[in-house]
Amino acid sequence: MKTCFTIGIAALVLLSIIASATSQGTSPSPAPDNSTTCSEECHDYAECYNNYCTCIYGFTGNGTYCEAIPCYNNPCDENAYCLDQGNGSSTCNCQYGYTGNGTVCTSLCSEDCGRNAYCTRNYTSYYGNEYVCQCNYGYTGDPTDYCYDIDECDYVNCTEYATCYNTNGSYVCECDPGFTGYGGYYCYGKHHYVYFEVSSCTK
């Protein structure tokens, strides 16, 4: 009985220690306030880091003064673009073919344009004030539904020793392996020479 009692006391002490450690772990100490480590007072939109005031994301400055970066948090409509005014402010302008205040833009076309298409003025109409959907450059198809990429390499011939590669809305000619130069105009190998004929005129 004495041995059992001793073991029981030891178990109670061990459980007490574990419970104390667990209760302390559920109440973590607050994170240290790093702002006190800076010699200068940081701006409202800055935080102290390695003893220096640093502006938070979306703001710029020396840390003691921070101002919003124009167009960082773009509030413009998806059919508008943000324009930096140069004085810390910005404005939203609707894209061509859309009208509105920039934060809300509506299409000038009578129907929504499809993918890879945009709304533009129909200059072939009698009054010239009609707007229609048109596929983006390098695309073809139904502009009110879907415009697909044109593979220009089907009809474009690159220079000798070059290969055509199709890209979205365009193409590029690149010199073949072992050749160098500008693929769209000329490509030459290590043992090739490019000759230019220069004529001199005298009066």
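Note that the numbers count up from 1, one per residue, in the order the chain is shown.
Quick reminder: no glycine exception, Cβ is built from N, Cα and C everywhere.
Pulled from TrEMBL, these are the features on record:
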type	residues	note
SIGNAL	1-23	signal peptide
DOMAIN	67-106	domain 'EGF-like'
DOMAIN	149-188	domain 'EGF-like'
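Looking at the domain 'EGF-like' (67-106) alone, the prediction's average pLDDT is 86. When the domain 'EGF-like' (149-188) is classified with DSSP, helix, strand and coil residues number 3 helix, 20 strand, 17 coil. For the domain 'EGF-like' (67-106), the DSSP-based tally of helix, strand and coil residues reads 0 helix, 17 strand, 23 coil.
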